[in-house]
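Chemist: Right, I'll just put the structure down here and ask away after.
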């Protein structure tokens with residue numbers, strides 16, 4: 001049994017007022033919510049209780065998770081189950097494409113669990129999902145939020161060949177905390193993945209980090225420098241929230257002013273888009289990042 005599931009951390013601090021969100025409303029949200037419930041569509045927006053769900057759905061954007069809901073990794077920040085994943089569903093690409101068509105999604109974000117149990121690490125299903133979406137939804141733009149595929153270029157090439165408008169891979173945290181937060185991942189390997197994607201012709205690359213895990217300001221700024229050095233175009237910076245008592249605790253709630261400071265620094269470094277705020281998640285304002 002891994003340490004993430006065994007540890008029980010101290011009681012959580014109450015959330016500050018700037019982390020409170022209004023319940024989602026609006027015609028677009030209501031219609032999409034009805035479709036998701038009726039057809040049991042698998043969006044991480046709903047299953048992950050994302051605070052921005054109403055806003056994103058109102059803009060015609062949604063995020064879908066493929067390759068099941070059990071991950072082979074046990075990252076200390078992540079609420080996705082860890083264990084032995086189920087058999088690959090080879091009909092999944094068509095199912096996701098149909099969901100996008102039913103929901104009339106203008107911009108779709110696709111993400112997945114890590115599948116280190118598979119020889120191709122899930123990259124074939126990834127590519128087939130993009131192809132199916134393109135066939136069934138020719139006007140829908142795409143972002144693929146990919147795992148590191150252990151840095152295997154053959155698997156990365158499968159993503160590159162289907163040419164999503166945006167390819168993202170999250171650093172998640174600063175270099176010093178990577179081993180504690182991401183466990184099986186490596187900071188430099190993630191940077192190598194992002195460099196490779198850009199070098200092989202991906203037009204827009206993107207990455208994201210969470211704050212509140214004990215990082216220092218200078219470490220956050222260093223991540224921003226490292227991402228720019230890797231020619232990353234877009235960065236998202238948000239507040240880490242503890243999914244359960246068994247996950248890493250929140251060390252600090254970052255103030256709105258500090259998020260604004262990081263946004264200013266990111267823009268000065270030359271990122272095309274910087275999304276920085278307590279409620280920002282990887283897919284926040286994703287539809288704007290294709291430009």
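Cβ atoms here come from the backbone N, Cα and C positions, even for glycine.
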Chemist: Looking at Swiss-Prot, which one out of 282, 283 binds [4Fe-4S] cluster 1 in the same site as 45, 50, 56?
Modeler: 283
Chemist: Once the DSSP letters are reduced so that anything not helix or strand counts as coil, what is residue 71 ([4Fe-4S] cluster 2 binding site)?
Modeler: strand
Chemist: For residue 56 ([4Fe-4S] cluster 1 binding site), which residues in the same chain are close in space, meaning a Cβ under 8 Å from its Cβ, but six or more apart along the sequence?
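Modeler: Non-local contacts for residue 56 ([4Fe-4S] cluster 1 binding site): 45, 50, 62, 63, 283, 284, 286.
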Chemist: Report the same-chain neighbours of residue 78 ([4Fe-4S] cluster 2 binding site): residues 6+ apart in sequence with Cβ closer than 8 Å to its Cβ, ordered by sequence.
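Modeler: Sequence-distant Cβ neighbours: 71, 243, 247.
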Chemist: So what's the mean pLDDT when you look at the domain 'Radical SAM core' (57-272)?
Modeler: 94
Chemist: By a 10 A CB contact count over all chains shown, which of the binding-site residues listed here is most packed: 45, 71, 75?
Modeler: 45
